[in-house]
Amino acid sequence: MADEIAKAQVAQPGGDTIFGKIIRKEIPAKIIFEDDRCLAFHDISPQAPTHFLVIPKKHISQISVADDDDESLLGHLMIVGKKCAADLGLKRGYRMVVNEGADGGQSVYHIHLHVLGGRQMNWPPG
């Protein structure tokens, strides 16, 4: 977790990201789901037994810059996350998280939905 916080503190908005490279298939990822609007894949640094990300193919750097036109797409990410969680056997529950900005732990400036499960989640999370 400390490593993720360190990454978030030095991450900068703007420019191409690792997620853009994954969308374009320039670098490999363990893809769970893909359609014309989004991509779901396993996190390379899992924080739970099951930890995957759902990202839009449209570049939106962070939730604070999303606008009303993005509403359907952002909802679609949650529905895809729910379906992937079911496909991966997360029957007892899971957590969906979107990090916003450096203080919120955002380490990649391409909005992404974390889905974590396979263990009891703690509260508060941070």
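Here, residue 1 is simply the first one shown, and the rest follow in order.
Cβ atoms are placed via backbone N, Cα and C, with glycine included.
What Swiss-Prot lists as N-acetylalanine is Ala2, and the listing cites similarity to another entry. According to Swiss-Prot, the domain 'HIT' annotation covers 18-126. Here Swiss-Prot flags Asp43, Ile44, Asn99, Gly105, Gln106, Ser107, His112, Leu113, His114 as AMP binding site. The phosphoserine annotation in Swiss-Prot covers Ser45, Ser72 and is backed by a large-scale study or a structure entry. Residues or ranges marked as motif 'Histidine triad motif' in Swiss-Prot: 110-114.
Everything Swiss-Prot records as a feature, shown here on the structure.
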residue: Asp43; record: AMP binding site; Cβ contacts under 8 Å, 6 or more apart: His51, Phe52, Leu53, His114
residue: Ser72; record: phosphoserine; Cβ contacts under 8 Å, 6 or more apart: none
residue: His112; record: AMP binding site; Cβ contacts under 8 Å, 6 or more apart: Phe19, Leu53, Val54, Ile55, Val98
- Look at each of the recorded positions, Ser45, Asn99, Gln106, and point out the one with the fewest other Cβ atoms around it within 10 Å. Ser45
- Other C-beta atoms within 10 angstroms of the C-beta of His114 (AMP binding site) total 20
- Query: How many angstrom lie between the most widely spaced Cα atoms of the AMP binders Asp43, Ile44, Asn99, Gly105, Gln106, Ser107, His112, Leu113, His114?
  - Reply: 17
